[in-house]
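Worksheet: the structure to be examined is printed underneath.
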Amino acid sequence: MNIFFFLVHAGIWLDSSHIARHFYYTGNFNVGVVRGCYLEHLVQSGEETPEPIPTTIKGSIPTWINGSFLRNGPGKFEFGEDKYIHWFDGMAMMHRFHIHDGSVTYSSRFLRSDSYVQNLEKNRIVVSEFGTVASPDPCQSIFARFFSYFQTPQPTDNANVNFVKYKGDYYVSTETNYMRRVDPQSLETKEKVDWSQYIAVNSATAHPHYDREGATYNMGNSYGRNGFFYNIIRVPPPEDKSALEDSADLRGAEVICSIPADEPRKPSYYHSFVMSENYIVFIEQPIKLNLLKFMLYKIQGKSFHNILSWEPQYGTVFHLVHRRTGKKSPVKYRAAPMFTLHQINAYEDNGFLVMDMCCGDDGVVIGEFTLENLRRESGQAMDEFYNSLCRNLPRRYVLPLNVDENTPLDENLITLVSAACLPARVVYMTHEELHDDQLLQYGGLEFPQINYAKYNGKPYRYMYACGFGHVFADSLLKMDVHTKELKVWRYPGLYPSEPVFVASPGAAEEDDGVVLSVVVTPRKEKSTFLLILDARTFTELGRAEVPVNIPCGTHGVFNEMG
């Protein structure tokens, strides 16, 4: 998700990048004693392992895999006597599984962000995060401490969400205006990068898209006298770096389109966006910034994660932009209220834009992913928390691209799903569910991945994701979006991470390759492992057990360069 425009303009940040976890599941499953008793171990602080250590291989690791699986996520939850309140607040911890010739080594480092360094120096929390407000310096005078409550906090650079790539360089990102460049081999922290020093935006998502020419696209925010805008960013492909210094380079970045907020006084949050071969779609959904809470939160000493509100009366708006020209379509595409966190894929087909994404349609009940909740005892309390979370499921929307003044009104424009043209060139869409009842027993689906390198923006068949029969993911799923059939990897007490697809050399089929996932085993000390599944059969090939404890993370990538 994003920093909202007003917050950024005012110098106040809102790192809602992982509000995603607030929306997973609403149902009537029980976590139970066996499944809930060790959940707290998933969110305990880890210890960094800066030098690569060997792992224990069980099964076999395909020798053709050559590179590094990089992961990011919260990894430190206290400084001195101060403890973070929310899981998303934890200091960024980077992980590297280096795979070569059938063997695997593991290393990890905390990101040396300004937030981390300042907290470490003071041995207390001095930088506010998503769900935790830093206390005033106890060494200040009583007057200085009082007036500090009225100062606007600086955006954090605790980039604990994802690894992203610009011009060939790796960065870790959250969704403030700051990123950190990192060395993908040593995990060394390099310079801090401020988006606003390159272009007139104050943030970027942690989920950019990449085209086949090497350019990177993202979304950012801006605010001015003309209102709130959602901006589409393009960073050009890398240049010949032989003559360049080893430094961050976002030169040439540009805003190709600025989209005014449909409700100027109520901007929406977003976590990601849609990109096909020729189009970008920004989805403006009815989870809105609560300005009153925003104005009061600092004075009341409250954190940032309570200033969003679900307002379904605004529905959902799809903004269509041509990727190469930056021209926004005059057609307004609308749908019933829903929220989406991660898109699966999008492609064009005979005058239509097909968009698949993970969606929910009830944002009223927003679960609190506080560390207190996640560390509850098993039983009724944990069951109630789990059952308060909403469920995300795969869904397909289809946008007709050739709508003009001659398009008939109130007629279905699509045979696959419903889309009716209304007066003033407004198209109202319904959706197709991309699942059957089998998926429901796995508690919904999130963290979708595909064979991105070859099929992003193109017709595809297979997706890989996490199933959420628990507060944290407790299964891995492969779905055939043509037939809606599932293949499942699931074992009680094991908690996998986002699955990442790696294609076999010379692969001819879409699912010819492996799926990588880090599996946390909270019942057993120092036995987290890297899981390697055959992507076609979804059966285990091997695992690499790590002799250290690793907390649950968020997103990751495979770096073929190693």
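Cβ atoms here come from the backbone N, Cα and C positions, even for glycine.
Features as listed in TrEMBL:
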type	residues	note
BINDING	His207, His271, His342, His555	Fe cation binding site
* **Protein Cβ atoms within 10 Å of His555 (Fe cation binding site), excluding its own** => 25
* CB contacts for His342 (Fe cation binding site) [other CB atoms within 10 A, all chains] -> 20
* Structure fact -> Within 10 A of the CB of His207 (Fe cation binding site), the number of other CB atoms across every chain shown is 22
